[in-house]
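Notes for the one structure printed next.
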Amino acid sequence: MARYVFITGGVVSSLGKGIAAAALAALLQARGYRVRIRKLDPYLNVDPGTMSPYQHGEVFVTDDGAETDLDLGHYERFTGRPANQQDNITTGRIYRNIIEKERRGDYLGATVQVIPHVTDEIKNFVLQGNEDYDFVLCEIGGTVGDIEAMPFLEAIRQLGNELPRGTAVYIHLTLMPYIPAAGELKTKPTQHSVKELRSIGIAPDILLVRADREIPESERRKLSLFCNVRESAVIQALDVATIYDVPIAYHKEGLDSEVLSAFGIDPAPKPRMDRWEEVSHRLHNPEGEVTIAVVGKYTGLKDAYKSLIEALHHGGLANKVKVNLDWIEAEVFESEDPAPYLEKVHGILVPGGFGERGAEGKILAAKFARERKVPYFGICFGMQMACIEAARNLVGIEDASSSEFGPTREPVVGLMTEWLKGNMLEKRAAAGDLGGTMRLGAYEAVLKPDSKIAQIYGSTDIHERHRHRYEVNIDYKDRLEAAGLNFAGMSPDGVLPETVEYADHPWFIGVQYHPELKSRPFEPHPLFASFIEAAIEQSRLV
């Protein structure tokens, strides 16, 4: 039978509940337990797919095509377990399900209410499909006190009563701020947050307290007394250098031991922390460093590129080097020469994005990388812009553009109207909905055996995750290849270009998919490992 850990947050948002959940899952895995993590998001969007990156950050895509919260990326990277559609739910999806049931008459004429109908829907989501797991960790998005989170908190309160005794534990993550004028950490925000949580009917078993300095024993005792939590269950969560130090830090503070104790599991299997210690050692003891320019359009919010950032660091882990990131807003190149920005970097990465803003800057970045022989990695939109650059400057198609930007005589990149998903034909219309209408999830690609990318993968058959509505136009393939841009990877039916590369360039690869979504600290994605390796070679030339 699965045991349930419910993780809530208080005082302020962005305390790191997702990292805390992922780290705890990793610690339980290290003891040999099977763990699943689920995220419950209180916003009314059905999913984050149509939300601005500045509002939400990255949209993490799963193998089965779910557009989910970026925390699911942390879950995958820390546990290695691929997430799916059933690991993330939003208030919007819950209400949509309920309204569909009401329209069908499933409620037999009853008045549909938050309690019991909404809370029952949440509970069903939490409980379903957990037969193969020892622990299910549920992170509740938002902060205690938010009106949006109330149905979720009520649902997990009910579960605490309905689950067998000893199979549900509540962890509350809070902040203990340091007040310079007083010269001390303050417990009052945590006390009030716990008071709010208890007023809902949830008594936390464990307090995980964020702080920027050591919490004195006297303050821990104070929190224990006023929050009605055992002193051993008041666990400090101090700031660390990297997120991959968190599992080791939490283990030293006894978080996993306290969770197991709360479940009455004693003695518990000893954890094997060797792989986390190896990752931490490599991060803190690099043998060199490289600088990668990321030419993007959402650089004002780094969370928009969360998986990309982590995948680049994984590439550094694979090569035992530190990866420094130089963030460049693509629009800058539309009014300034790219050379001063890019001459000293060891690699250029152009990530995914949507819309015309910054496109010309990304095209110029691809041109600089091609002409100067600087390693170039184009992902999704970055591959499309590399193809437009080649069409303009190598093939001579001056008007080469993307139909995403408006009507064009030379749509080197165009809207996909249909594609195969398994044996089913998916179709889309230009005037259709935005939400859930892209090519989403894992798709197969076939690589040319003699291509550079096939050598990197060590295979000619790959499965990678996609999130795009536009695609390089196959009608331009022959002319682009004649100019030197090799279409090294295609969809199995030969219709959709998946990867491009230059044979006469040290490392210039564009991919239509998002390899960053499948990279792990213990298993760096081969493309990122190879890209950083090429950057190391470039660093010897600069």
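Yeah, the Cβs are placed from backbone N, Cα and C, and that goes for glycine too.
Look at Swiss-Prot and you will find CYS380 tagged as active site, nucleophile. Here Swiss-Prot flags HIS514, GLU516 as active site, drawing on sequence analysis. Feature annotation from Swiss-Prot assigns CTP binding site to SER13, ASP146, ILE147, GLU148, LYS186, THR187, LYS188, PRO189, THR190, GLN191, LYS222. Annotated UTP binding site per Swiss-Prot: SER13, LYS186, THR187, LYS188, PRO189, THR190, GLN191, LYS222, in sequence order, evidence recorded as sequence analysis. Among the features that Swiss-Prot reports, ATP binding site is placed at SER14, LEU15, GLY16, LYS17, GLY18, ILE19, ASP71. Taken from Swiss-Prot, the feature Mg(2+) binding site applies to ASP71, GLU139. Per Swiss-Prot, the feature domain 'Glutamine amidotransferase type-1' maps to 291-541. Residues or ranges marked as region 'Amidoligase domain' by Swiss-Prot on the basis of sequence analysis: 1-265.
Swiss-Prot feature annotations superimposed on the structure.
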residue: SER14; record: ATP binding site; DSSP (3 states): coil
residue: ILE19; record: ATP binding site; DSSP (3 states): helix
residue: ASP71; record: ATP binding site; DSSP (3 states): helix
residue: GLU139; record: Mg(2+) binding site; DSSP (3 states): strand
residue: LYS186; record: CTP binding site; DSSP (3 states): coil
residue: GLN191; record: UTP binding site; DSSP (3 states): helix
residue: GLU516; record: active site; DSSP (3 states): helix
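Using Cα positions, the member of the binding-site residues SER13, GLU139, THR187 nearest to ASP71 (ATP binding site) is identified as GLU139. Using a 10 Å Cβ-Cβ cutoff, PRO189 (UTP binding site) registers 15 neighbours. Neighbour counts of Cβ atoms within 10 Å were compared across the recorded positions LEU15, ILE147, CYS380; the minimum falls on ILE147. Candidate recorded positions: GLU139, HIS514, GLU516. Nearest to SER13 (CTP binding site) by Cα distance: GLU139.
Packing around THR187 (UTP binding site) is summarised by its Cβ count: 22 other Cβ atoms lie within 10 angstroms of its Cβ, all protein chains included. For LYS222 (CTP binding site), the nearest neighbour among the binding-site residues LEU15, GLY18, PRO189, judged by Cα separation, is PRO189. Counting in whole angstrom, LYS17 (ATP binding site) lies 18 from GLN191 (UTP binding site) by their C-alpha atoms. When the Cα atoms are compared, CYS380 (active site, nucleophile) and THR190 (CTP binding site) turn out to be 43 Å apart. Taking the centre of the Cβ atoms of SER14, LEU15, GLY16, LYS17, GLY18, ILE19, ASP71 as the ATP site, the nearby residues of that chain (Cβ within 8 Å, site residues left out) are GLY9, ALA20, ALA21, HIS74, GLU139, LEU173. In space, GLY16 is the closest of the binding-site residues GLY16, GLU139, PRO189 to GLU516 (active site), judged by Cα positions. Regional average pLDDT for the region 'Amidoligase domain' (1-265) in the model is 95. Ranking the recorded positions SER14, LEU15, GLY16, HIS514 by Cα distance from THR190 (CTP binding site) puts LEU15 first.
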